[in-house]
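According to Swiss-Prot, the protein has these features:
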BINDING   ASP487, ASP493  Mg(2+) binding site
DOMAIN    554-613  domain 'KH'
DOMAIN    623-691  domain 'S1 motif'
Amino acid sequence: MSQEKQVFSIDLAGRQLTVETGQLAKQANGAVLVRYGDTAVLSTATASKEAKNVDFFPLTVNYEERLYAVGKIPGGFIKREGRPSEKAILASRLIDRPIRPLFADGFRNEVQVVSIVMSVDQDCSSEMAAMLGSSLALSISDIPFEGPIAGATVGRINGEFVINPTVEQQEQSDIHLVVAGTKDAINMVEAGADQVPEETMLEAIMFGHDEIKRLIAFQEEIVQAVGKEKSEVKLYEVDADLNQAVREMAEEDMHSAIQVHEKHAREDAINEVKKRVIEHYEAQEVDADILGQVNEILYKIVKEEVRRLITVEKIRPDGRKGDEIRPLASEVGILSRTHGSGLFTRGQTQALSICTLGALGDVQILDGLGVEESKRFMHHYNFPSFSVGETRPMRGPGRREIGHGALGERALEPVIPSEKDFPYTVRLVSEVLESNGSTSQASICGSTLAMMDAGVPLKAPVAGIAMGLVKTGEHYTILSDIQGMEDHLGDMDFKVAGTAQGVTALQMDIKIDGLSREILEEALQQAKVGRVHILNHMLSVIPEPRTELSAYAPKIITMTINPDKIRDVIGPSGKQINKIIEETGVKIDIEQDGTVFISSINQEMNDKAKKIIEDIVREVQVGEIYEGKVKRVEKFGAFVELFSGKDGLVHISELALERVGKVEDVVKIGDVITVKVIEIDKQGRVNLSRKVLLKEEQEKEAAKEENKQEQQ
């Protein structure tokens, strides 16, 4: 292998993608700099020399954002990047998921893959550059990675699929799909869509896979040129004699324990068998390594039997058929002071979702590498330990919780009404109260119920379902509504959310090399049947969104003003708008186009604030008549307040029909008089007249008198 800098290029969606090796981060096992347009990502892969004493594969994937990549200095006192953003966490998960299945079973060396985003071109995805870079860093290293993999973003504009759409194209696209895989199969899908049919989503996935094959061929050329020879690594294996002895002792009882239908009773039965076997070996005073192997063998016995029951006998751990959904129960409005709430229960999985409506000023402000600056719809997911009957410290959300929250948000966002139709910020919080699999999809169902209870005029209700797969050779079984054991011991977790019309979100993780088109197609169609079944249940509880908002939700009124008048409403240093807020207790949000949103729980105060703003921006027209209060008296005339913030002058000569010697002879401060606008001068000063109206009144009276005399 050469240590000199080498450069490789390929065209990707009309923009050049370049890979540089041999110059940067040479002490890592593998490192590449990927340039895609003006986006630049450094990806590295390192591994420990010795295996770790753990019972899992210790892989860590980090996608690191640097604000210098978009020419920003971090805010706050410290002025450096802190904890990863939500976008960075989601990107890390996106890269981890297609990579993880491609390490040999039993590989226990610690592996860390790091991608640092160094420059960002918004039209050239840094996530896709990082995914390709991560795959390449592993592939050219001596780490025994069974890749490469590649990813592609797919959009659809006017019925045509587009690879790696630009920011402008994404705004027009009704599909936002990220697909990853090997040259032979798909092994990761992440998608949002605007109620798109399953057949179209499948076509989009396969369209993306065609591009993946091309990118993998490109990587294979690079590996051929600069790749290191793979290290010989000893994989974790259990002792053959010990394996046979444990199986003879445990298999029969374990097979019976696994067929207990109820989750906790089944777990207790399995743990009882495990306890008996482990106590047998502890009595022989064997070392920790032997006990570790015993636990590994017991785990494999459970896994093999669960998979055999599903694929051979077509029996699921809880006794259901392959396409059967667990019992459903739903309720809305169970929290009286919240704006909306929905409780969704599916078997032993339960989620309580709460909807809170806020003013547009409550949007989430985003400060990251993307073009999006704010977000008016949010979904947050919490998974407390009591939901699985365990204890652990209560800390902030982890990667999994952030990922599940984002999946729910993506599934629901296509049906959220526009800001014009529903000028509210919407925040959903899903509290998982019980967990036995598919909690992310339960949170989607609960959130739909909560929004309907809150009176959010959804375009359509959304439900979600998690599909599973157990595959042995060419034989496979697809499972609807998987529970925890099926997720843990199966080969696939394929989450599908959508309306009756089509898909709004997909997420697929697998533990095998990949899936064929046929399996994907069957899983999507089976998911549709299950989704419609769940939707029908939800609609039996609340058929449509409530027509009225909660009494505790803010009332919002919208008005439009001349954009040139915005500064008048705000006032110097915000003095005017703060005065309105202090006087009425409302929230006021003003858009650049002159749209004003006024919100509070008190409609009377909303109306009062609106009247004040109308008076501030109101334009005085010549010929208009006002009833105003005398605010100030001078020798030359009286100043009259026409409406809030607007005065005019009635010159002494315009106060009365007769000659006035002294202003105070006609009006005093505080008097309310009727005046007419007779002139607005070049400086915007308003001249008023009382005399004109008196004269007009006098003429009307004279005309009446004349008509009366003619009739006599």
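Cβ from N, Cα, C; glycine included.
According to DSSP, the secondary structure content of the domain 'S1 motif' (623-691) in residues is 7 helix, 36 strand, 26 coil. Model confidence over the domain 'S1 motif' (623-691) stands at 92, taken as the mean pLDDT rounded to a whole number. Under DSSP, ASP493 (Mg(2+) binding site) is assigned to a strand (E or B) in the three-state scheme.
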